[in-house]
Amino acid sequence: MAPAPLGVPEEQLLGCRSRVLSRLLFIAQTALLLLPAAGAGLCPAPCSCRIPLLDCSRRKLPAPSWRALSGLLPPDTAILDFSHNRLSNWNISLESQTLQEVKMNYNELTEIPYFGEPTSNITLLSLVHNIIPEINAQALQFYPALESLDLSSNIISEIKTSSFPRMQLKYLNLSNNRITTLEAGCFDNLSSSLLVVKLNRNRMSMIPPKIFKLPHLQFLELKRNRIKIVEGLTFQGLDSLRSLKMQRNGISKLKDGAFFGLNNMEELELEHNNLTRVNKGWLYGLRMLQQLYVSQNAIERISPDAWEFCQRLSELDLSYNQLTRLDESAFVGLSLLERLNLGDNRVTHIADGVFRFLSNLQTLDLRNNEISWAIEDASEAFAGLTSLTKLILQGNQIKSITKKAFIGLESLEHLDLNNNAIMSIQENAFSQTHLKELILNTSSLLCDCHLKWLLQWLVDNNFQHSVNVSCAHPEWLAGQSILNVDLKDFVCDDFLKPQIRTHPETIIALRGMNVTLTCTAVSSSDSPMSTVWRKDSEILYDVDTENFVRYWQQAGEALEYTSILHLFNVNFTDEGKYQCIVTNHFGSNYSQKAKLTVNEMPSFLKTPMDLTIRTGAMARLECAAEGHPAPQISWQKDGGTDFPAARERRMHVMPEDDVFFIANVKIEDMGIYSCMAQNTAGGLSANASLTVLETPSFIRPLEDKTVTRGETAVLQCIAGGSPAPRLNWTKDDGPLLVTERHFFAAANQLLIIVDAGLEDAGKYTCIMSNTLGTERGHIYLNVISSPNCDSSQSSIGHEDDGWTTVGIVIIVVVCCVVGTSLIWVIVIYHMRRKNEDYSITNTEELNLPADIPSYLSSQGTLSEPQEGYSNSEAGSHQQLMPPANGYIHKGTDGGTGTRVICSDCYDNANIYSRTREYCPYTYIAEEDVLDQTLSSLMVQMPKETYLVHPPQDTTALESLIPSANREPSAFPTNHERISEKKLPSTQMSGETLQRPVWNINRELGLPHPPFSQQPVHESPQLHQNEGLAGREPDCSASSMSCHRLQDHAFDFSRTRNIQDGSEGT
């Protein structure tokens, strides 16, 4: 060794030599590594080449050290990695035609680098963990082919509208920056190509609505920001988005339509936020959603219709929330759900049938809840899960398993019952399943005769290696594995677990009553028992209970425990299913469920009001009632269900609006309408009268009349309308002068002129009026002289014939008044009885239309028929008199003869004379039925046969029929007896018409209302002139002296002048 130079320590010299040698060794090794690449081109130092990768990472060299690379890149280099160096800037131009990817992660770059000509070919640029403060669009415009840009873990604070030039970028990662603001339109230049955006771990507190106008974006991540509220339409514009991740933001509220517009999204991750409720408002529009993860939130409730817009869910994670109950509608609509995680909540209530909609569910996780009762109570909580293969129930404080606990789980293969202190398992509890794996560990089993089956079942199904079960009772078997217990040791010497002896009973009560429910249980153990009452599977805390214990010695000593639940002043909120749970140290037992139903009698909120309305209008009746259960509303008309409006499809019932409509009201709709409210507690009704008003009209057209002098003229004015119109008559546009020859019938609808003379001819006007208007009609009466009468013959018996005709009319009136009055008394009596049976008519006044005078309100309701009209026959018009039927007068010889009537040509005769002359007259029937009847009645009947009685005021239309045309009665009246004695047998012709009194109106087509006749006071005398009727008088032109009949004095007087009524009109 050479001596050390003077002044230089030997140790220092040796150190320098070692460093030089190590560097030379490094250079030699590098050269050896680069030799393989030398054949294809030299690999620049200090990089490593693995074509197409040029790896220059982790060299910790500054930028000036890399200038030598500018022209030394291998020709096939496509990937360049400068990560983990100390690059603070880069302005080195590279020469490569194949470079596509550049990674410069974990450096100290402050801006986006430029690589010269190869920059335009780069498709991937990763600048992770640098100190770039902003995105410069000018720097990015040199990257026209760039598809992936990773700027995560920099110090970028905002994304501006000008941050990105128009480019075909597909992947953008801006996570772990300091971004607080996203300017509107900041991603617009990337909208045609961007597929993935990551903005995790930034400082954004809100997302402006419609900020993402990226129709092709498929994946968006916003995890670990500071977003608290998501507004509606925030993500509108992301039509192709498939996955959205927003974990750990502290989101407390998702407003309605928050995710609207995400029509193709399949995955939504919202874990570790502060959501409190799942509802359809913020799920609106997610029709393609398949995975929803909302674990680690504060969700307390699932709305009944929460899943209406996302019924394609296949996986739902609701674990680690604060759910306490699962209502019946919690999972409605999720028929495609395959995996459901409800673990680590506080569920204590599962409604019956809550899982019945999940027919496709395969995995259900309910670990670490409080649903022991679902297994212990045999409530069939899992009914409907026909496809379930895996059920996790660990950590639910389950103490016993009933034989019905797993009914419906035909496909179950994996059952996890770990961490439950199970004491008893009923035989055949797992018979409904096809278990391949059973996880069970318990040391609390009550090893009595009821558990003997379990040992053999575990062996037969090869589960003895996957379970860890041991006995706790009886004491001499405590701690022993059930697999080691002999079968003869499973005995039942007592019943330590409580047994229910008295179950609460189902009760139906009225609101306000007090209700008592009783539950009794017995146990052979001295272990104290306690009782808990549940309503609809939820524990009742603040209730009034009475508990007592006594010893029961019917089959050995036992402890009997009784609990009485008192419910005072029950209301509708008390309705439900009640159940008692008796518990001691050895387990719990559940009573049957008793249903409490609280009813309330219906009461009306709206009652129908009496209504008066015109024909053709719309009738509207309101009726609403409340009660519990809600009463059913129905309608009746006049105590029945026959609605003319319903048959004609004019009736409309609006149950939601409590309104009953009748369109285009008609007269037949008039009546009493009853609103019936009925529920299980009872029923009641309210009535309203519908009065239909109709303007006056002519039921039958008015017809002109032509009569022969001396005949009786009947002028018909058959009126219709509601209320019944009042009729007045005028003659020749002036007052009608009423004499003893003028009579009115059927409420002035018939004007009868007896012994018509030439002075009676003229224009007669019928004026009908009611509150709705007035109608007029004209009838022209023509009186012609008889061509066959001479003066001598007309003087014979003229006076007697006229007065006999008057007598006939009076007799008819009297007889019909009596018969009709009796009929109306009976009809009115039965109508009132019927109304009292089914109706309670409102007493309020009628509500009249504005155009109807108020005096109509005093006319009463339809339960009392109005004068002149009957409600029950409002649309029926009966005939006044039977037709003549072509009656032909017979002479004394049995052949056709002539009838003598009063004529004397009426030119110079005194029509009020007591003596009248007779002339022969051949009867010719007229076309009008009513005139035929009256004419034949007045002319054909012998005047000798009548017994005249004083007439009475009548209100019946039938009064125009003579008693001779009435059917004989079983009990003849005095009048009929006298008539039978006085009438000659020769006058009782077999052809005389026999018609009942009550058929008159029907045959004439007139309504029931009676006619009003002016009262006539007579002094009746009986006139008999036998043989006169069969004899034809000798009425020659020269003979003026004719036989005269015996004179009779008749005094006619009237209580009311019809002329007064006419003038008043």
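Note: Cβ is positioned from N, Cα and C throughout, glycine not excepted.
Note that this is a predicted model, so its numbers are computed, not measured.
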Need the matching range: Swiss-Prot marks region 'Disordered' on one of 95-122, 963-990, and I'd like to know which.
963-990
Member of C447, C449, C580 annotated by Swiss-Prot as disulfide partner of C519:
C580
C717 - recorded disulfide partner, Swiss-Prot, among C766, C789
C766
Any same-chain residues 6+ apart from C717 (disulfide bond) with CB under 8 Å of its CB? Would you list them in sequence order, or say none?
F698, L702, L727, W729, N748, Q749, L750, L751, C766, M768, G777, I779
C580 (disulfide bond) versus C623 (disulfide bond) - Cα distance in angstrom
43
All chains considered, the count of other Cβ atoms within 10 Å of the Cβ of C675 (disulfide bond) is 24
To the nearest whole angstrom, state the Cα distance for the pair C519 (disulfide bond) and C675 (disulfide bond).
44
Among C519, C580, C766 [disulfide-bonded residues], residue with fewest other Cβ within 10 Å
C766
Can you tell me the three-state DSSP label for C623 (disulfide bond)?
coil
Please work out the number of neighbouring Cβ atoms within 10 Å of the Cβ of C623 (disulfide bond), leaving out its own Cβ.
24
Report the DSSP secondary-structure composition of the repeat 'LRR 7' (216-237) as helix, strand and coil residue counts.
0 helix, 5 strand, 17 coil
So what's the average pLDDT for the domain 'LRRNT' (41-75)?
75
